[in-house]
Amino acid sequence: MASYDVIIIGAGPGGYVSAIRCAQLGLKTAIVEGRETLGGTCLNVGCIPSKALLNATHHLHEAEHNFAAMGLKGKSPSVDWKQMKAYKDDVVGQNTGGVEFLMKKNKIDWLKGWASIPAVGKVKVGEETHDAKNIVVASGSVPTSLPGVEVDNDGGIVVDSTGALELPKVPKKLVVIGAGVIGLELGSVYARLGSEVTVVEFMDFITPGMDADVQRTFKKLLEKQGLKFVLGAAVSGVEASKTKAKVNYKLKKDDSEHTLDADAVLVATGRKPFTDGLGLAELGVAFTPRGQIQTDAHWATNVPGIYAIGDAIVGPMLAHKAEDEGMAVAEVLAGKHGHVNYDVIPGVVYTSPEVATVGKTEAQLKEEGRKFKIGKFSFMGNARAKAVFQGDGFVKLIADAETDRLLGAAIIGPGAGDLIHEICVGMEFGASAQDIALTCHAHPTYSEAVREAALACGDGPIHA
Ligand SMILES: Cc1cc2nc3c(=O)[nH]c(=O)nc-3n(C[C@H](O)[C@H](O)[C@H](O)COP(=O)(O)OP(=O)(O)OC[C@H]3O[C@@H](n4cnc5c(N)ncnc54)[C@H](O)[C@@H]3O)c2cc1C
């Protein structure tokens, strides 16, 4: 048994980042992780493996569709799916190994096994119970399913996102249930690998919650890449055999019933907080009706000495949100002032083109009754984007109608996931659209499209 200032439960991006910051701030720190490797959902079965597959298949798409136009002739590469998965596993291994190195470097003890909290100030791992002045729960989330849909990742036919990263072969027909970020990213991967991909979504639009302009353009661009969409459809069940599946759904508009045949089905209907086995309810820790751990503005639960962060609490289920909370709660525990600005948390979809958003949408501002203006610029007017066949898409900035202060942005186009951070920094500093417009942007870069959108909030863009 050992005694710590802080024990963090869960070594995902929330937990391991928090552990590093705690150690940097002089707190004796341990982290508990039940998986074989560190890094949580994100590094093992989330952000990182999915981006590796998106990268590999993006290159395949380029070779098949754009190389010849650039004078690069010859046979397109063929897909060795086993090798592609090995590449993905290698990327995961490098990253999880990197986190293990960081734990050692910062003298953080990794307590291996599944933790429970038998009493305030105690963390049990296996047969050992450790003392902790403070406990941070960073236990993350797990995929959800639908009634009538049984996920069996080992079977490789009806799978969740974890199973979809490991399909034994590229399915001829893939049905994706859910048009959220995870469903579309993995759907894109398989579409590029040659699967016939149909996405079935309950809402009448894709990527719920996102800017409506982006939703429409994004759907059109994905359709151009071969993805099919069935919107406004409630899946009532999936019948699976050892080799195939049938997805039954009802269209909301007329209650008509339909069936899709599939070689594999990806259930991407969302995720829920994972807090099983921790013993939180027994200690009286309060939960929201959606099963999230309830915390205050300092990530404290209602039980003194127990804090929570990341996917296990309220807010967007994103790695960088978890990381920010991890650093902030460490500051709080070290007697400093941890802070997370929840108004400036970007969201990115790593398809091609990428999609990135931050701040308020038009719909939200209309609901709030706030007056705003829009500056929009198409990537068709951006020389660099056209050179890489990515003129589709746009940058859209939203600024306050009177003060010109940036309120939000939505970008669909090349490098959107990086471009969005110029707006994030601007928003953090209370920048106006004019501040962006007056900043010299290097030519030729995609970022010029951001500047042009800022100019569009004022006297007008140059290249439109
Ligand atoms: C396919 C996919 C793609 C994604 N892509 C992105 C992306 O591109 N960008 C992005 O920002 N987000 C992405 N996400 C979401 C991101 O992975 C999560 O938001 C993030 O991992 C949450 O971090 P966390 O630290 O809260 O929890 P997690 O990463 O879920 O980590 C929690 C860890 O706690 C451990 N644990 C739980 N209970 C215990 C216990 N009792 N004892 C010991 N250990 C325990 C778990 O084993 C797990 O390793 C993706 C998710 C998926 C599934």
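Every residue gets a Cβ built from N, Cα and C, even glycine.
In TrEMBL this protein carries:
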| type | residues | note |
| --- | --- | --- |
| DOMAIN | 4-326 | domain 'FAD/NAD(P)-binding' |
| DISULFID | Cys42-Cys47 | disulfide bond |
| BINDING | Lys51, Asp311, Met317, Leu318, Ala319, His320 | FAD binding site |
| BINDING | Gly178, Ala179, Gly180, Val181, Ile182, Gly183, Leu184, Glu185, Glu201, Gly270 | NAD(+) binding site |
| DOMAIN | 345-454 | domain 'Pyridine nucleotide-disulphide oxidoreductase dimerisation' |
| ACT_SITE | His443 | active site, proton acceptor |
On the DSSP side of things, how many residues of the domain 'Pyridine nucleotide-disulphide oxidoreductase dimerisation' (345-454) fall into helix, strand and coil, could you say?
41 helix, 33 strand, 36 coil
Per DSSP, Gly178 (NAD(+) binding site) is which: helix, strand or coil?
coil
Checking the binding-site residues Gly178, Leu184, Met317: which ones have Cβ within under 6 Å of ligand 1?
Met317
Whole number in angstrom, please: the longest C-alpha to C-alpha distance across Gly178, Ala179, Gly180, Val181, Ile182, Gly183, Leu184, Glu185, Glu201, Gly270 for NAD(+).
15
Can you figure out which of Cys42, Lys51, Asp311, Leu318, His320 (the recorded positions) comes closest in space to Gly180 (NAD(+) binding site), comparing Cα atoms?
Leu318
Give the residue from the binding-site residues Gly178, Gly180 that has the most other Cβ atoms within 10 Å of its Cβ, counting over every protein chain displayed.
Gly178
So for His320 (FAD binding site), how many other CB atoms are inside 10 Å of its CB?
16
Filter the recorded positions Cys42, Cys47, Ile182, Glu201 down to the ones within 10 angstroms of Leu318 (FAD binding site), Cα to Cα, kept in sequence order.
Cys42, Cys47
Using Cα positions only, nearest of the recorded positions to Ile182 (NAD(+) binding site) (Cys42, Cys47, Asp311):
Cys47
Euclidean distance between Cα atoms of Met317 (FAD binding site) and Gly178 (NAD(+) binding site), Å:
16
In angstrom units, rounded to an integer, how far apart are the Cα atoms of His320 (FAD binding site) and Cys42 (disulfide bond)?
10
Residue among recorded positions Lys51, His443 with least C-beta crowding, 10 angstrom cut-off:
His443
Please report how many Å separate the Cα atom of Lys51 (FAD binding site) from that of Glu201 (NAD(+) binding site), as a whole number.
23
What is the Cβ neighbour count of Glu201 (NAD(+) binding site) at a 10 Å cut-off, with all protein chains included?
27
